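Shown next, in structure tokens, is the structure this report addresses.
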Ligand SMILES: CC(=O)SCCNC(=O)CCNC(=O)[C@H](O)C(C)(C)COP(=O)(O)OP(=O)(O)OC[C@H]1O[C@@H](n2cnc3c(N)ncnc32)[C@H](O)[C@@H]1OP(=O)(O)O
Ligand SMILES: O=C([O-])CC(=O)C(=O)O
């Protein structure tokens, strides 16, 4: 038995949810470039969960179900208020809160297909409210109840700020949600599948996935990109900053990818949005810095930007606090996790690979007084 470090190139399951072939990303066979320009996030949720784009009435039904299930239990809101609020990262709060939600869902451990679908709706609907409620509580503000007359994207921005977003903001945020929704067997999705393949419940699957997404080599990278842009501060500082990092063999967040070689197809859409929004909000330096970083890292290391690189300046331009960037990734990716969890349940087998043992050979137990 020989281990493959990081399971690189290992095909661990079949899936009909999304694919990456020759650097092209598709959801159920629809090119992400097509969906990014044309689809609403609600349509993408339906597509991932049902394997087909919805009809008008199917979409209306899903939209209604999501809106009706967006409120979170008062117990969860009160729990947030007990956290050491200035020390807690919102991804930790979200991971804990999704686990807690499961305790207040009477169907949490009911494993029928119908019950799992009802839970899928509830989880997808409530995650945005968890993020915005936590964000407001830590600012000492009242939480804002979800509205049933806004799109999924607009409702999130409304619950966060208390203001209805402009059409441009809503469009940009919707596109970001569409672009982050699913990505084949990325680390958090694999985590979710491993968890539920033991026939554990859907809340456990999503909670596990949140734990994996939080890390800076995965979803946590978007916050780190913003930290880097803030540290750099101006276009003139880019070159010395990046050169020093590369000379020290440090990773530049938002670059590189395990699967893409030529580049992440999502990045160009986010780049375009970054240019538009940074200009619109009078902060073009964030786009200009990003372009310069991109030139240097791609030029010197042949590493193209991934989805996390330009999303940082997009979210910053939307006025979103930097430590909410990864929770926002989760708001979208929950749809993909759930699609994979449902797919796993429908054709389950325990996921249990092997390890190549590289520790000491056979040893004899030594009594403690003789060690
Ligand atoms: C949503 C997402 O999860 S997208 C990814 C988000 N993560 C990031 O942006 C973090 C920065 N990027 C990385 O750490 C990596 O590129 C990953 C984790 C995305 C992919 O990792 P892997 O496929 O395991 O590649 P690995 O980390 O082994 O890197 C291979 C080589 O490229 C280098 N490299 C990879 N990414 C970077 C980077 N961002 N900056 C500088 N060098 C890099 C490594 O140092 C390594 O060089 P070496 O062979 O000389 O040691
Ligand atoms: O697929 C991956 O390894 C990471 C990624 O880009 C994602 O999850 O969107």
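Count begins at 1; order follows the chain as displayed.
In case you wondered, yes, glycine gets a Cβ from its N, Cα and C as well.
Note: residue 257 (active site) has non-local neighbours 264, 304, 306, i.e. same-chain residues 6+ apart with C-beta under 8 A of its own C-beta. For the recorded site, residue 257 (active site), the DSSP three-state label reads coil. Positions annotated as active site by TrEMBL: 257 (among others).
The active site annotation in TrEMBL covers 308 (among others). Other C-beta atoms found within 10 angstroms of the C-beta of residue 308 (active site) number 29, with every protein chain shown included.
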